[in-house]
Amino acid sequence: MPRHSSTMSRLVLPLIFSILLVSKPSPSQAQDESLAGSFLSGLLDTITSTADSKDCPGVCVHTLATLICYEVLDDVACPSPSMKCCIENAPAGKNATAVRATTTPKTTTTASTTTTQRTTTTVATTSTTKRTTTTSTTPKPKPKPQTKRPATSSTTKATVATTKKPSTTKKVATAKPKDKEEATKADDANKDCTGVCVADRIAEYCEAYLTSDGLCKEGTKCCVSLDEYSNGKLPKDIYIPAKHMSNLKPNQTLSEKSAPAKSSSTSTTSTTTTTSTTTTPEPARINNSSPKPTKHKKHPTTTTTEAAEEEEEQETEEDGEEEEPPLSNKLKSGQGQGQVLKECEGECMNGIFAIFCDDIDSDAFCPGEESCCVTGGASEATPSSKAPPTKPAIKHAPKPAAKPARPASPPPAPPSSTSGGGGGGDFLSQIISFAESTLNSPSPPPPPPQAPIQVPRCPGFCLLNIMAAFCERPSVLVSTPTTCAKGSVCCDNSRAGAPKPKLPPPTPSPTASPTAPPYVLPNTPSPDPREECPGSCIVSLLSFTCFKNAEMTDLFRCKRSGQICCAPKSKILEKQQFQTRNDTAYYPAPPPPPIGPPQAYPPQTPPYSYMNNPPPQGPPPQMAPHHPNPYQPPPPAPNYADYYPVSGPGLPPQPQPPMTTPPTTTTTTTTPRPHVYSKYVCGVKGTLRTGRSQALSFVSYARAKYGVQRTARQMTSAAGYSPNFNKSNERLVLGSAIVPIQIHNDKLGDLVESSSLQSNQLRSYHNHQAQADQPDLVYPEYYQQRSLYGLQSNFSGRRRARVVGGEDGENGEWCWQVALINSLNQYLCGAALIGTQWVLTAAHCVTNIVRSGDAIYVRVGDYDLTRKYGSPGAQTLRVATTYIHHNHNSQTLDNDIALLKLHGQAELRDGVCLVCLPARGVSHAAGKRCTVTGYGYMGEAGPIPLRVREAEIPIVSDTECIRKVNAVTEKIFILPASSFCAGGEEGHDACQGDGGGPLVCQDDGFYELAGLVSWGFGCGRQDVPGVYVKTSSFIGWINQIISVNNL
């Protein structure tokens, strides 16, 4: 009882004193010092107080003091509710399940058969057991050194029976118990746990723990400190968690058996408690390389004797020995069999973190699935053969576990030995230990280690298998065995050749073409005269990431092969114009005869013939007007005379050339460079594209490149607009509010039956008035108040007017312009071509015709609808499906947009191209000038030329638009969120017949479809802007329809 109190006081008092030091009162708290002192004094007395209880086998202590108890019995009642029954030491044997405190005899047997009388004591009762130890003289292949807690003494030559008192610890002695210090450790080995018994789940946090049974009760482990073994070798049954492996001293080793082996190979033990042990002959041991026999033991039922315990300990050791070889995280000592693993000289790392290592030592020990990461100048290791380690290896004892299947492996041939008399067993074990240590000791590398030279060294660098994809060209993966560790692969980068020179070559290759694929070769890079990519270089697989104002092009070079430049469109346009200005004049010797496909501008991609039967063409046009050239093109063919009614396609008298001509213009060549833009590039005018016919390219070339301005024509007197007008509620819908206009009767061709009524009654609109073709159900009733008398005019004069004011567009310039016509070959509305199978227009243009079930046709690539044969490349296609926006309001014209899917695909050729769609939600700044095109009226009263014209108008902010429109109407005008305003300049505006047509804004040199003509109050009135559909508000709706149809 006093011992319990002193123990608790020894542990708790330092804690209390530390609390006192921390909570030492300041001078301002002097008045509370006595209170604190009395409180702590009472707390100390309470914690250190103990009490006895008849039911408690130990002593009742305070709950806080149970931390030092070996076991706490919660079901035992104590005098105070705050107390628990505490058992300080391990109970000394409770029936068969109690932990046994055994008596360990020190016995040395001789070659003769002897009978030793032993006194064996158990904890519960002391009984005498007579044990007969039979020692056979059969020689063993290799006597296995054993370390048993009953350590033997080598000084005894006679049969000695010694009874030791029960010890509290079992400590393994060293392998050479000759001096007095070794004998003292052998005595300490008979004690129980020298550390602290902790639960199994906490044992992994110990610096080390012993795995032998009997040290602690079931479910606990003996947790010890490595400092206890700082001057000696580690016992066999010690287990060191991986995180504490670094705490080992270099001179500490873990031996399998530290005591000399007994010379007895077979022992049969008989006890009075019917404990029987049978011996299995040595030849029957197939799966165990240990020379010990496998013992099958029937446990006693009631009492446990010393002999039974000793056998159990021996079998436990055998179990551990059988478990050791399959474990991958074990370090074998020089005295054992199996693979020799060295200690990791770097750091053990797990999983993907191993990729950051300079090298991975596969022969070094790391726990679990971790790898030994060697950084810096660590020596390279060959996985096939390793030299013996320079310091003793460390054996990592395994945890007790079920016996796994052990593969049969023949042990190394030991020297044959026989049992000698007296200390022969000890002498034999010493010889074996010396021989094994000699074999495993460091020595100069003999000639056989020359074998690793056969494994070729990795010519590049080693990568983990999961990182093999990062071995990129021109590096290659080496499939043959190399010096790379297991789980790694060699990436050979020696074949990459010298790095690519950064300096430009002095003499460019004359055969280099700027439009060819990249020229980077593995070893001998060809000179590339192209400029560096001003954008980003990406692989073609990621070309979809190059969008909006950027485009994939071969005009610029990339540093790495297989990549293409994604450059801004403005840079591409500048480069293209620069190349065009550097083209020299094309001087044909005689004017060539009429030719088929155009040859003046060969496309960058494989050439396409856009005109199967082209009309006769004049000589090739003058390519560079800034070069003096007496050659003048002759008058064009009659088919193109109507496009240039004044003076043909000739230029005005020699405009002033720009003075920024590069020096290279002095060279001449007969092969002009092609334009960069192919037919698939959106937002590029038809005058800047490849494959454009020579006759159409002449005027547009000079206008687009050298600033030759067109003559603008203002609204004629027919539009008679006076700014002094009264407010009204009129609203002009710029599409369905016009009468369908008859166009030439060959536009539909074979799309309608020749015997049908509409085909037989087609009439030229030159001799008829609009009223003759006006249906009754075309417009809402409140729109019919406007008199469309402008259609009575005669169009034989071919006045160039369309949108109010503006100017003529060139033939094929606005190549995304589309005309909607009905089955009677009558023009309805404008539209824009956004895909080879998709057309975007205003919803009010098609709602009535869709209700009637009539067919709709589109005309693409036709500059002049009044001509009999149309423009080169023009096509007519039938609309297969009409998608009107689900929220379209025909009264307020909100969401006035429709998507038309064509039956078949439009061929992108001369005069036919696509317009770019804007990004979702993009709005253009107020004041930005954009271009509206269409076939419609020249003024509010007409006439309509049905020829593509353009007008440049400014974007108007929403607030200004609402203010200006409300100033001319009696009704309150509310601008829908999906619409915007543009225009408001007198004489320049869209008008009737332009509905659904495109309003395009230039962004980085490319045109985006900013809006569709919807409606407005009059045409070309000052400060009265028109309303347009905001295309960017419907990008999601458009993409959804197109993606569903493309499935």
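Backbone N, Cα and C atoms are what each Cβ position is placed from, and that goes for glycine too.
Per Swiss-Prot, the features are as follows:
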| type | residues | note |
| --- | --- | --- |
| COMPBIAS | 98-139 | compositional bias 'Low complexity' |
| COMPBIAS | 148-175 | compositional bias 'Low complexity' |
| COMPBIAS | 176-189 | compositional bias 'Basic and acidic residues' |
| COMPBIAS | 263-280 | compositional bias 'Low complexity' |
| COMPBIAS | 307-325 | compositional bias 'Acidic residues' |
| COMPBIAS | 501-527 | compositional bias 'Pro residues' |
| COMPBIAS | 588-606 | compositional bias 'Pro residues' |
| COMPBIAS | 613-638 | compositional bias 'Pro residues' |
| COMPBIAS | 650-661 | compositional bias 'Pro residues' |
| COMPBIAS | 662-672 | compositional bias 'Low complexity' |
| DISULFID | Cys56-Cys85 | disulfide bond |
| DISULFID | Cys193-Cys222 | disulfide bond |
| DISULFID | Cys197-Cys216 | disulfide bond |
| DISULFID | Cys206-Cys223 | disulfide bond |
| DISULFID | Cys348-Cys366 | disulfide bond |
| DISULFID | Cys357-Cys373 | disulfide bond |
| DISULFID | Cys458-Cys490 | disulfide bond |
| DISULFID | Cys471-Cys491 | disulfide bond |
| DISULFID | Cys537-Cys558 | disulfide bond |
| DISULFID | Cys546-Cys566 | disulfide bond |
| DISULFID | Cys961-Cys981 | disulfide bond |
| DISULFID | Cys991-Cys1019 | disulfide bond |
| CARBOHYD | Asn95 | N-linked glycosylation site |
| CARBOHYD | Asn251 | N-linked glycosylation site |
| CARBOHYD | Asn287 | N-linked glycosylation site |
| CARBOHYD | Asn582 | N-linked glycosylation site |
| CARBOHYD | Asn726 | N-linked glycosylation site |
| CARBOHYD | Asn794 | N-linked glycosylation site |
| REGION | 54-87 | region 'CLIP 1' |
| REGION | 98-189 | region 'Disordered' |
| REGION | 192-224 | region 'CLIP 2' |
| REGION | 252-335 | region 'Disordered' |
| REGION | 343-374 | region 'CLIP 3' |
| REGION | 376-428 | region 'Disordered' |
| REGION | 457-492 | region 'CLIP 4' |
| REGION | 498-527 | region 'Disordered' |
| REGION | 532-567 | region 'CLIP 5' |
| REGION | 583-673 | region 'Disordered' |
| REGION | 803-1043 | region 'Peptidase S1' |
| SIGNAL | 1-30 | signal peptide |
Need the DSSP three-state call for Cys961 (disulfide bond) to compare against my parser.
helix
Selection from 192-224, 343-374, 803-1043, the stretch that has most Cβ pairs under 8 A to the region 'CLIP 4' (457-492):
343-374
Distance check against Cys206 (disulfide bond) for the disulfide-bonded residues Cys56, Cys85, Cys216, Cys222, Cys537, keeping those with Cα within 10 Å:
Cys222
Based on Cα coordinates, which of the following disulfide-bonded residues are within 10 Å of Cys491 (disulfide bond): Cys193, Cys366, Cys961?
none
Averaged over the region 'CLIP 4' (457-492), what pLDDT does the prediction give?
86
For the region 'CLIP 4' (457-492), the DSSP residue counts stand at 6 helix, 12 strand, 18 coil
Here the Cα-Cα span from Cys85 (disulfide bond) to Cys471 (disulfide bond), rounded to a whole number of angstrom, reaches 67
Validating a neighbour-count step here. Other CB atoms within 10 A of the CB of Cys223 (disulfide bond): how many?
21
Taking all protein chains shown into account, the Cβ-based neighbour count within 10 Å for Cys546 (disulfide bond) is 18
Taking DSSP states H, G and I as helix and E and B as strand, how many residues of the region 'CLIP 5' (532-567) are helix, strand and coil?
6 helix, 16 strand, 14 coil
DSSP assigns the residues of the region 'CLIP 2' (192-224) as 4 helix, 13 strand, 16 coil
Checked against DSSP, the composition of the region 'CLIP 1' (54-87) is 6 helix, 12 strand, 16 coil
Is any of the disulfide-bonded residues Cys193, Cys222, Cys991 within 10 Å of Cys216 (disulfide bond) (Cα-Cα), and if so, which, in sequence order?
Cys193, Cys222
Neighbourhood of Cys373 (disulfide bond) by C-beta distance under 8 A, where only residues 6 or more apart in the same chain count
Gly346, Glu347, Cys348, Met349, Phe353, Ala354, Phe356, Cys357, Asp359, Ile360
For Cys537 (disulfide bond), just count the other CB atoms lying within 10 A of its CB, please.
18
Rounded to the nearest Å, what's the C-alpha distance separating Cys222 (disulfide bond) and Cys566 (disulfide bond)? Just drop the number here, would you?
69
